[in-house]
Structure formats: structure tokens, C-alpha cells
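**Student:** There's a structure below that I have some questions on.
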Amino acid sequence: MFDTNFFAAPLDLVLGALTGLVFGFLLVRGGVSRFETIVGQFRLRDFTVVKVMATAVVVGGLGVYGLEAAGLIENLHVKAAALPANAIGGAIFGIGMAVLGYCPGTGVAALAEGARDARWGIVGMLAGAALYAEIQAPLGRLLRSTFGDAGELGKATLATLTGWSPFAFLVPMGILAAVGFAFLERRERLGRR
């Protein structure tokens, strides 16, 4: 009747749900599940989103590559980079985020908080995901016929492209983020006066 291979193992589903709950809780505590925070970022008045995202990138990168270096992660999966497709997807994502005032994660967190404005956004996100699932293959063929292999970098990271350690990028990113945070905090304090 049902394809039993469709869903992950029950323990994986429970761990995924718990991870999602913790992630949602942290989004709410960080204030990025609020429409005003997202719109404030686009208006360059509230830099909470930049600070949260930069922290997530640096901590996540250090964590993942640290676990890999310790041998706790084998075969780290890196998606192939296709710059034309990434640019189109990023533009659609950015437009949707600017119009709605939420990204998928913050939209679900806002809905869980009771934000009524997130309801239709979630419906739109699900409809967009369903549409993408239907047109992804023909759209990929169209992009390949239009751009050829231009922008197809394969499974590339800065570390694989340069031959350097990932930490050669992550540590300076962390320092740059800390300096940037200090600058943004000072700017926000001066703006409140």
C-alpha cells in the first residue's frame, strides 16, 4: 500500500524533529522570526539577521570541518555548484523573502509563534517547492542548453579550489565576523541616540 522506503527510519525522524524544534526555538530567541527584523535587515536598519547568519556559517563550518578532521564524519556531501542556477534560485528566494518578510525557516517559526501573516507565506513556499519539483529537470536542461558548462564548478569549495585547509578560510571569516559585529553594534548604538 505505502512505499516503506519513502520515510527515514523512525529514530532519524525523531532526531530530525527535535533538531527542528531546537532550531526554531533559537530562531525565536534570536529575534529573526519577526517580520520587522527581516524587513529591518532589507532596509539596513536592523542587522540581527546578518549577525545570526554569519554566526551560523562560521560555527557550522568550524563544527562540520572539525568533526570531519576528527574522523567523525566520513564522505562529507557537497552539492555541485551551478552558478546560473544558483543565481536564479537566489534571486527568487530573495524576492520571496523581501515580499513575505520571512525565509522558510523563520516563516515556520513565526507560524509556530502564532504570526497570522506567515500562513499564506508557508502555503506559497509549499506551492513553490512543488512547482520546482515539477520543472527542475526541464529547467536544468534549458539552463545547460543556454549556458553550456559555464558556471558549472562541480563539487567545489574554496578549500578544494585552492588546495588549502578549510580552516584557512573559516578562521579569518570568524575574525571578520567578530570585527563586523563590533562595527554593527556600534553603528546600531549610535543610531538609537
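The backbone N, Cα and C atoms fix where each Cβ goes, glycine too.
As annotated in TrEMBL:
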TRANSMEM  6-28  transmembrane segment
TRANSMEM  49-67  transmembrane segment
TRANSMEM  87-111  transmembrane segment
TRANSMEM  123-143  transmembrane segment
TRANSMEM  163-184  transmembrane segment
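How about a rundown of where these features are and what they're close to?
**Tutor:** For the transmembrane segment (87-111), the list of distant contacts is 23-24, 27-28, 32-35, 38-39, 42, 117-119, 121-122, 124-125, 128, 143: same-chain residues at least six beyond its ends, Cβ to Cβ under 8 Å.
Within the chain, the transmembrane segment (123-143) has long-range Cβ neighbours (under 8 A, six or more residues past its boundaries) at 82, 84-85, 88, 92, 96, 100, 104, 107.
Away from its own ends, the transmembrane segment (163-184) comes close to residues 47, 50-51, 54-55, 57-58, 61-62, 65, 157 of its chain (Cβ-Cβ under 8 Å, at least six residues beyond either end).
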**Student:** Residue list, the transmembrane segment (6-28) vs rest of chain: Cβ under 8 Å, 6 or more residues beyond ends.
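**Tutor:** Same-chain contacts beyond the flanks: 105-106, 108-109, 112-113.
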